[in-house]
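Listed features, source Swiss-Prot:
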{"type": "TRANSMEM", "residues": "13-33", "note": "transmembrane segment"}
{"type": "TRANSMEM", "residues": "38-58", "note": "transmembrane segment"}
{"type": "TRANSMEM", "residues": "61-81", "note": "transmembrane segment"}
{"type": "TRANSMEM", "residues": "92-112", "note": "transmembrane segment"}
{"type": "TRANSMEM", "residues": "114-134", "note": "transmembrane segment"}
{"type": "TRANSMEM", "residues": "154-174", "note": "transmembrane segment"}
{"type": "TRANSMEM", "residues": "212-232", "note": "transmembrane segment"}
{"type": "TRANSMEM", "residues": "251-271", "note": "transmembrane segment"}
{"type": "TRANSMEM", "residues": "283-303", "note": "transmembrane segment"}
{"type": "REGION", "residues": "321-343", "note": "region 'Disordered'"}
Amino acid sequence: MKTLLKNRELSAFLAILALFGVLVALNPAYLSFQTLGMIFASSQILILLALGAALVMLTRNIDVSVGSTVGLCAIAVGVALNNGYSLPVSMLFALAIGALAGAFNGLLVVGLRIPAIVATLGTLGLYRGAMLLWTGGKWIEGLPSSLKSLSEPVALGVSPLGMAVLFLVLIGAWTLSRTVSGRDFYAVGDNLAAARQLGVAVNRTRMLAFTINGMLAACAGIVFASQIGFVPNQTGSGLEMKAIAACVLGGISLLGGTGTLIGAFLGAFFLTQIDTVLVLFRLPAWWNDFIAGLVLLGVLVLDGRLRQALTRHQRALKYSRFQPGNKGGKHVTPFPKRKKEVA
């Protein structure tokens, strides 16, 4: 129990293994590198969004505008390519727009002190409206093969974009756990006042979280355009909720200061894995949100129960030394049960 709570991403990993085992038992052909590669390819967009959402949530904030940012940046790379710009320039253009969108969210939250949920609900509509105004509501089609080729498998079923996603996961996880600036995210989310007293650049850290979140949303938009080959006018709609759900499933606390990027990665992979269940059982696509929501609620309820049990255990250990006959404090003797008072 204590291991699961200290390593929150472990629960997501165990859930992935359990679901994978069930699927293999139902269909042995599911056990293959091709299947894993397919699931990973399908999860890349959600993984990128979960990484960004995790950074924001670690600082005790939330961003519900990333779906619109994905659409806006996918439009940006598509329009730039169709206007004759090279692929690197087009991708940098999309990344710049994502960074600006994220920084604007950060300015509203950090600079103007607007609650994050309110500020990003506003920019959710703002960025979606900017996307539709830019294109006149039309789809962006005819994207060049140079962009589409980035999603084609090259090694072990993994595409160049997939390798870039894995690199971002690893470098992000290392940065958060091994560097001072990475640990600042945890300090800000855990105790804002204490972080200020310790000299942490609180406002800069929160601004950085929102800005990186916007850039990762831009990366997700590039991956979307590459995988699909065109950009519909509703690109990214609803992805913000899935990103938050993936983080929660992976052990990122909504109260800030707890979780890892590996957990966010595993949560996104697990949610994508649920889609394969629908295909295997030939269920309609609209079951996806229902099943994902059901799983999320189950994880939250289980996590809450485990936390309560651990809290009771720690409280018993704390006060056990005050009980007669327990000098060392190691042996926990339960307190006598109180009789229920009659009203």
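In case you wondered, yes, glycine gets a Cβ from its N, Cα and C as well.
Annotation: stretch 61-81 has the most Cβ pairs under 8 Å to the transmembrane segment (212-232), among 13-33, 61-81, 92-112, 114-134. The stretches the transmembrane segment (251-271) and the transmembrane segment (114-134) are not in mutual contact, being linked by fewer than three Cβ pairs under 8 Å (pairs 6 or more apart in sequence). For the transmembrane segment (154-174), the most Cβ-contacting stretch among 13-33, 38-58, 92-112, 114-134 is 38-58 (pairs under 8 Å). The transmembrane segment (61-81) makes no contact with the transmembrane segment (283-303), as judged by fewer than three Cβ pairs under 8 Å among residues 6 or more apart in sequence. Residues 11, 15, 242, 245, 248-249, 270-271, 274-275, 277 of the same chain lie 6+ residues outside the transmembrane segment (283-303) yet bring a C-beta within less than 8 angstroms of a C-beta in it.
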